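Here the structure is laid out as C-alpha cells; the discussion comes afterwards.
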Amino acid sequence: CVEPMSLYLTTLIICLLRHTEKEKDPKYWNAGAQQTLRTALTLQTLNTNKAKNLILFLGDGMGIPTVTAARILKGQLNGQSGEETQLEMDKFPFVSLAKTYNTNAQVPDSAGTATAYLCGVKANEGTVGVSAAAVRSQCNTTEGNEVTSILRWAKDAGKSVGIVTTTRVNHATPSASYAHSVDRDWYSDNEMPAEALQAGCKDIARQLFENIPNIDVIMGGGRKYMFPKNTSDVEYPSVAKHSGTRKDERNLVQEWIDRMKDKKGHYVWNKKQLLSLNPNNVDYLLGLFEPGDLTYDLERNTETDPSLTEMVEVAIKILRKNPSGFYLLVEGGRIDHGHHEGKAKQALYEAVEMDRAIGRADLMTSIHDTMTIVTADHSHMFNFGGYTARGNTIFGLAPMLSDVDQKPFTSILYGNGPGYKLVNGVRENVSTIDYEENNYQAQAAVPLSMETHGGEDVAVFAKGPLAHLLHGVHEQNYIPHVMAYAACIGQNREHCMSRSGTADLRPVLSGIVALLTVTRLLC
C-alpha cells in the first residue's frame, strides 16, 4: 500500500512539474493577464438592475491571511499546489475593504461588528442590535437605543428571510439580525443576571421567536437554549451539559411548532430529517442540529449532521419561492472558533466549506437579480510565512531553521494564543510532534488561553446588481446600506421608480449632493 502522505507528495510533484514548465514561458502569464483584462473590460457596463435577492456570506474571523491560506488549502485538497487556485469569492468582480473597529474598541468583537454590517450602525463591543448609546450588560440602556437590521427591512418589504449558521442561532452574528441585547452572552434567561430579568430585558433565544416571529428559515445550533432547564437533549439524552437551560420553563421549539402547524412549518434536528423535506411543501423551517455550536466540519458526522453547503441549498430552495425575493444571512461561524483555539487546520477547513457553500449559492441564483456579498466581521492574529516553497503544504514547516534557537517552525503561526509552549525552558521542537494533526495548536508568540482577534481591515467581495458601490475603503456599517439600496428596501427607495426595472441613481445622488452642501454650511 502507498501511504496517503506519499501519494499526496507524488501527485503534488507531478502537478508542480507541469506548472513549472508552463510558467517558464512568458506566453503563459501574458495570456492569463490578457484574459483577465478582457473580463475586466466587460465590467465597464455596470449592473444597475434592482436586486430581487440579497445574500450575505459572513466568514467569522476570516481575515485576509485566512482567505489566502484557505485558497491554498482548497487547491491542495484538489491535488494542486494551491497558490494558483481560485476561491469562489475570488471570482467576484468587485472587492473593497471594511474598517472593523467598534465604537469603543480598536480591535473589535463579533457583536459590535454584526450590528454594523447588519443594522448599518456602528456599536460598542459585546452588544447586538443596539446603538453605541447602549452600555454592555446594563439592561436599562436598551430601551430607546434599539436599531433594526436589513433582515427586518427585507421582511417588512415582503421578502422571505433566512439565517443559516454553523454556530448557535443565538450567537453574536445571527442575533444582531433580530435581537436587541446589551450583552451578547445572554443566550437564554439562565445566562442573565436577575436584575436584568427584573428590569424587563429579554434573552436572545426568546427574541429570536418574538421580535420577528415569521423568520422563514432558521438553521444552526443552540438547541439547549430553547428548552426548559434540565430537559434532556434529543440527541445526547445522557449528557447533562447538553440539557435545556431555560429557567422560565418555556419550550420555545414547541411554541414555534404550534404556531406554524398550519403554515407549512417544519422543525428538524438532524441531516436525514432536513434532506427528506420537499422544499416546495415547506414555507417555514427551524433546524437546530446541536445543543451548542455545530461540530467542526473536519469532525462532522456526515450521516447525521448537515454541512453548511447542504443547509444553504435547502434554505435557498425554500426562500426563492417568494416572487418578491429573499434575504439570506449565511455565517461560517467556526472559522473564528478554530483560530481562537489556535487550531488553524480546523479554521481553514471551515473557510473552505464556506467557500463551497458560496459556490452552491452561485449555481442556484443569477447575478442579474441577486446581490451576493462575502466578507468577515474581523480578522485574527493568524498568518503564514517563512519563505516556503511553491506547493508547500499549508500546514507544513518553513524550509529553514530559526537562526536564533536552531529549531524548525511551521509556516502558520499566531501572534498570541494557546500554542505558546516551552519545553525545558525553550521553544518546543515542532519536528517531534504531529503538526498536521487536526487539532494541533500552532505556535504563538504570546501565551494566552484563547487567541485574540486582529484589528486590520477585512475584504468585502461583491457581485450582482449595484455591486460596484462596494469599492475602495469603507466603514463596515456601509454594507447593509448598499444592499438595501440595491434591493429598494429600508430607507433608500425613491430611486426605484424607473420603469425599466433598473435602479436609477439620480435621486439619491442629488440628495447626497444637497446633504454635503448643507454639511459644509453647518461646518
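Each Cβ is built from the backbone N, Cα and C atoms, and glycine gets one as well.
The Cβ of SER110 (active site, phosphoserine intermediate) lies under 8 Å from the Cβ of ASP60, GLY61, HIS171, ALA172, THR173, ARG184, ASP336, ASP377, HIS378, each of these being in the same chain and 6 or more residues away along the sequence. Summarising the annotation, TrEMBL assigns active site, phosphoserine intermediate to SER110.
The Mg(2+) binding site annotation in TrEMBL covers ASP60, HIS171, THR173, GLU331. Within 10 Å of the C-beta atom of HIS171 (Mg(2+) binding site) sit 28 other C-beta atoms, taking all shown protein chains into account.
Residues or ranges marked as Zn(2+) binding site by TrEMBL: ASP60, ASP336, HIS340, ASP377, HIS378, HIS453. Cβ contacts within 10 Å of ASP60 (Mg(2+) binding site), excluding its own Cβ and spanning all protein chains shown: 28.
Taking CA atoms as the reference points, HIS340 (Zn(2+) binding site) and GLU331 (Mg(2+) binding site) are 17 Å apart.
GLU331 (Mg(2+) binding site) and HIS453 (Zn(2+) binding site) have their C-alpha atoms 17 Å apart, to the nearest angstrom.
A count of other CB atoms within 10 A of each Cβ picks out HIS378 as the most crowded of the binding-site residues HIS340, HIS378, HIS453.
Same-chain neighbours of the Zn(2+) site beyond ASP60, ASP336, HIS340, ASP377, HIS378, HIS453, judged by a C-beta within 8 angstroms of the site's C-beta center, are, in sequence order, GLY61, ASP109, SER110, ILE335, HIS339, ALA376, SER379, HIS380. When other Cβ atoms within 10 Å of the Cβ of GLU331 (Mg(2+) binding site) are tallied across all protein chains shown, the result is 29. Here the Cβ of ASP377 (Zn(2+) binding site) has 31 other Cβ atoms within 10 Å, regardless of which shown protein chain they belong to.
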